[in-house]
């Protein structure tokens, strides 16, 4: 990489007493990127964001912003701004004064005409022109969100930090804001770092996704890589829906590994690490990579238990003897007459790509893994 | 339907009755009596004699010293309490370790369990001839007078009313959303700017509550000036005791009392107005 990264973590560890929240993270975020830190709660993603903002200090290692070591630099001297969870707007100030807050802190002081000019531009940018004299509590959640954005961006930060910014909005508004945020980022061209636990949000908005678990980065890549080529079992399970089938390594053929499933069926799968003979593994099969057909035509046979009609597609929960319940997503190109009905026997084939096998230390070889999404369906 | 409404009204009357009766008997009636007294005359042998005259109000300047002392020392006392109380409340709410907080708060409140009279007597001793002045005499500072000075009264006031000032400020600081402080720092505000622009502004309702509470109580203060001010620092409260119990000039005492109530109301309204304006739409919660 030639350009100086906007944000760089070098061997960053953060401990709270005996608890290690973040352990040994190395990460470089290139300029003008939209990066999502994705992971379950407690994975350390928010701690990382707060270390960039200066609200937490690393126990070990260093955080660099545009090549400058930030050790000992307080939040008010860092060239970054944050959109806080629940926005943290000042209740005693109106919309315009909230937005002008950062500009008023600038030293040497800015002329008051410039302050109101820039605040007005920021308001227009988030489509809130004319709302300057409103009180914060008079705004809807979506409007408050946009004020928080304007309040951060008006200071022209090198990097914008977003801490679960859409979590408090309803689904429709969230989708709108996702698009708006993407457009803003492209328009302004600065780096956005987004913290989220919502994998859909991370995949749909960002250029790079950094998946975290247990205080470590487990995978960094473009959204399609994360989805298609998960680095390990955790990522496969956490990002997108997938079926995880327990099995044992039965043999190798070229680059592929042969996995014997609990019912004795042997399927070929790709692997990310070398696997030993008889090692317990989990095979990941995305619901959309399964094809359904007449009994006898596929690799596995099952019975439809549930069907969720989704318009252009349908999701099926299929019970497969000896293996458990699988989730399949199928197009019905010829119209909804071709839908399978609950109770009907079907054959399951694998269409797109090849299944992926991961070492699975929790599996003792025979037990069915819990497929969480299937429970929701049935 | 009709009997329901009737029953509902009866229930409301039953619930509100005792409180209303209490207020009428012990607040409204005495207030009316005092108002009536204040336009009357002193009976030759003392007490009240019916009349309608504003002579008592015209005579108010005769007690100008008591008014002056109260009007100077009550705000000064409230201000001094505020200056001492704010850092304490700030520490308790924002800096003290979580597990110590309750214990420290208890330490603030516990002195309240002893009577103010006892505690003020203790101060009489501490400030009196064999207290601090005796200690200072060892160090070569002879004849330092502490007791029976306005300073002693101020000290007594700050000491006696500190918890009343600390608690409302503590509550408003404790309710403060910490993320607002982070947001302020994130936007480039130094700790001092953050304190002035966010912390202080948002704790103003508590400050105003504490200030008006202490101020109103001080307007009627009697004990502390008597014990620590000797005969020299007379408050309105002392003047009232004097007029009602010693010289038995009830009408004049009543006129002073009515004036005091009016001043208190004005102070309260002003405080409410100021804090509402400064901290957005929030109102002062006066207990």
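Even glycines carry a Cβ here, placed using N, Cα and C.
Sequence annotations record features per position, and here TrEMBL assigns transmembrane segment to B:12-37 (among others). Long-range contacts of the transmembrane segment (B:12-37) within the same chain, counting only residues at least 6 positions beyond its ends with a Cβ under 8 Å from a Cβ of the stretch, are 48, 250-251, 253-254, 257-258, 261.
With a threshold of 8 Å between CB atoms, the same-chain residues lying at least 6 positions outside the transmembrane segment (B:66-93) that come near it are 60, 101, 104-105, 108, 150, 153-154, 157-158, 161-162, 164-167, 169-170, 173-174, 176, 199, 206-207, 210-211, 214-215, 218-219, 221, 225, 233-239, 256. What TrEMBL records for B:66-93 (among others) is transmembrane segment.
Positions annotated as domain 'ABC transmembrane type-1' by TrEMBL: B:67-271.
Below 8 angstroms of C-beta separation, residues 88, 92, 160, 162-163, 166-167, 170, 223 of the same chain, each at least six residues beyond the ends of the transmembrane segment (B:100-116), sit close to that stretch. Sequence annotations record features per position, and here TrEMBL assigns transmembrane segment to B:100-116 (among others).
What TrEMBL records for B:153-173 (among others) is transmembrane segment. Beyond its flanks by at least six residues, the transmembrane segment (B:153-173) meets 73, 76-78, 80-82, 84-86, 88-90, 92-94, 105, 108-109, 111-112, 116, 119-120, 123, 127, 199, 202-207, 209-211, 213-214, 217-218, 221, 224-225, 227-229, 233 of its own chain at Cβ-Cβ distances under 8 Å.
Annotated transmembrane segment per TrEMBL: B:193-219 (among others), in sequence order. Counting only same-chain residues 6+ beyond the ends of the transmembrane segment (B:193-219), those with a CB under 8 A from a CB of the stretch are 70, 73-75, 77-79, 81-82, 85-86, 89-90, 94, 157, 161, 164-173, 176, 180-181, 184-185, 236, 260, 263-264, 267-268, 271-272, 274-275, 278-279, 282-287.
Listed by sequence, the residues of this chain that lie at least six past the ends of the transmembrane segment (B:251-271) yet keep a Cβ under 8 A from its Cβ atoms are 31, 34-35, 37-42, 48-49, 56-57, 59-60, 63, 66, 208, 211-212, 215-216, 219-220, 236, 239-240, 243-244, 284, 286. Feature annotation from TrEMBL assigns transmembrane segment to B:251-271 (among others).
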